[in-house]
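Here's the structure, in structure tokens; my notes come after.
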Amino acid sequence: MKIRILTIGQKMPAWVLTGFEDYFKRIQPFVQTQVIELPMAKRGKNDSEADILKYCQIEGESILNALKPNETLIALEVGGRELSTEKLADTMKQWMLEGNDVALAIGGPDGLSDQVRKAAAWHWSLSKLTMPHPLVRILLIEQLYRAMSINHNHPYHRA
């Protein structure tokens, strides 16, 4: 199994890079993980709803074009299914047993396009809270690492 994180946005603040890199390095012994940073559509100051929809469509096309044919697409969005860490660990164990490669899509500041939502095998919510997409990167990689540590009896998860 391989995990690819398809994320909109290429210039992250230093605190995001620091937090993400820590867990990204930790997860590698458990599962091959890759991050694909895709360009965010250029936004204006007073964008209309039509403009925002267009930006989401452009970003959605980037996500779908980056998707490999054998990958299961999972859309991260506030309206998705919530999982406990233990349920995520079970889900990841199943992916590994089935040999599934997984692509996790993180949208830009305006979310994911309808095309990405429709293409996704399922939708996952890290929280009912709305979060900035740079923070989602850190939360996602930490939860993936935590789930893998459960599956490998590593002492990181102590809940």
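Glycine too: its Cβ is placed from the backbone N, Cα and C atoms.
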* To do: Pick the one from Leu76, Leu88, Leu97, Leu144 that Swiss-Prot also lists for the S-adenosyl-L-methionine site with Gly107, Leu126, Ser127, Lys128, Leu129, Thr130, Met131.
  => Leu76
* Among Leu76, Leu126, Met131, the most crowded of the binding-site residues [Cβ within 10 Å] -> Leu76
* Structure fact -> Between the two most distant Cα atoms of the S-adenosyl-L-methionine-binding residues Leu76, Gly107, Leu126, Ser127, Lys128, Leu129, Thr130, Met131, the distance in Å is 16
* **Neighbourhood of Lys128 (S-adenosyl-L-methionine binding site) by C-beta distance under 8 A, where only residues 6 or more apart in the same chain count** => Val78, Glu82
